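Chemist: Supplied in structure tokens, the structure appears directly below.
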């Protein structure tokens, strides 16, 4: 790293150590700092409120407690924590170049961002895998409730293990009287160990899961399209069921694409800096970093907006959650969307209809757990 750089050493989920963030010692005008503060404050508020509402909608309503939705809760929790504990604190550090938050929080900030990003993207991957099994291999056993909890716990444990090396080498230093939170990696020949760690982390928290999801959703899309061609037409409730599956897949594809777009420039920034360190000596680099960091962190606030726009149950949930606002008026239909449970006879008839249409090759009974047709409470809601 060039001598002109004041290193801010919080890794923001990029897999590259934070002492490569490249924030220069140049201070910004007060008006500029005020604009950036407003932008980051808006991001944090929208992300925290939106993801907290998503978690409430799912956990507070039995009809919404499904396998897929539990992964959405995991995703929302990671995004909420990322916005609350990483975006705000790292913005303060990046804009002031002084670490105000103590040694313990320095360790936490070099552990949690990679952990949260890993949890976010692998929760999306788990959703893609669940949809793949439900739609492409409907006769295969589905995740049970204990299995879902085990997958979520496994995601968090692997994420913590992946982030641990950076946390382990974190330390507090003083540079010209200013406290810094740095990652003091051990010296080796040419920094090969550090570069290898960077590449492994970027591959695991970005490129690999995106490739897996691209393949999964491509196969899902082809499968659903094949069921829509002439000769394989579904009708009535089964047509609506098929359309609901398509809409859910489109929603999750949009979530994944948004995540990929938001994080790609940030990863490229660090990759470029690894091979061309003098870019951090330019005066404009602080503004570039703050813009790329804001774009990456903004990925935490888009998912609730996407759910609200594309899923009518989440839309009803948001109306109920914000009913205290004068411009929001929830209806009885909104309450029914989240609380209504079909009668036993309705569920039996629905399962019977799915079985008939599946045997004819039209609609797969995707709401199956361990090979059995499930009730709305136990299954995966694919309705829009």
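For all residues, glycine too, the Cβ spot is worked out from N, Cα and C.
According to Swiss-Prot, the feature topological domain 'Extracellular' maps to 1-32, 91-107, 171-196, 273-290. Here Swiss-Prot flags 11, 19 as N-linked glycosylation site, drawing on sequence analysis. Taken from Swiss-Prot, the feature transmembrane segment applies to 33-56, 70-90, 108-129, 150-170, 197-218, 252-272, 291-310. Summarising the annotation, Swiss-Prot assigns topological domain 'Cytoplasmic' to 57-69, 130-149, 219-251, 311-384 and lists sequence analysis as the type of evidence. Per Swiss-Prot, disulfide bond is recorded for 106-181. Residues or ranges marked as S-palmitoyl cysteine in Swiss-Prot: 324.
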Chemist: By Cβ distance under 8 Å, which residues at least 6 away from the ends of the transmembrane segment (70-90) in the same chain are close to it?
Modeler: 8, 10, 12-13, 40-41, 43-44, 47-48, 51-52, 54-55, 58-59, 101, 105, 108-109, 112-113, 116-117, 119-120, 123-124, 126-127, 130, 148-149, 151-152, 155, 293, 297, 299-301, 303-304, 307
Chemist: Go ahead and report the DSSP secondary structure tallies for the topological domain 'Cytoplasmic' (57-69): helix first, then strand, then coil.
Modeler: 9 helix, 0 strand, 4 coil
Chemist: Mind checking how the topological domain 'Extracellular' (171-196) divides into helix, strand and coil residues in DSSP?
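Modeler: Final tally across the stretch: 8 helix, 11 strand, 7 coil.
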Chemist: Taking every protein chain shown into account, which of the recorded positions 106, 181, 324 has the largest tally of Cβ atoms within 10 Å of its Cβ?
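Modeler: The largest 10 Å Cβ neighbour count belongs to 181.
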Chemist: Under 8 Å, at least 3 Cβ pairs, sequence separation 6 or more: does that hold for the transmembrane segment (33-56) versus the transmembrane segment (291-310)?
Modeler: yes
Chemist: Roughly where does the topological domain 'Cytoplasmic' (57-69) sit in mean pLDDT, to the nearest integer?
Modeler: 90
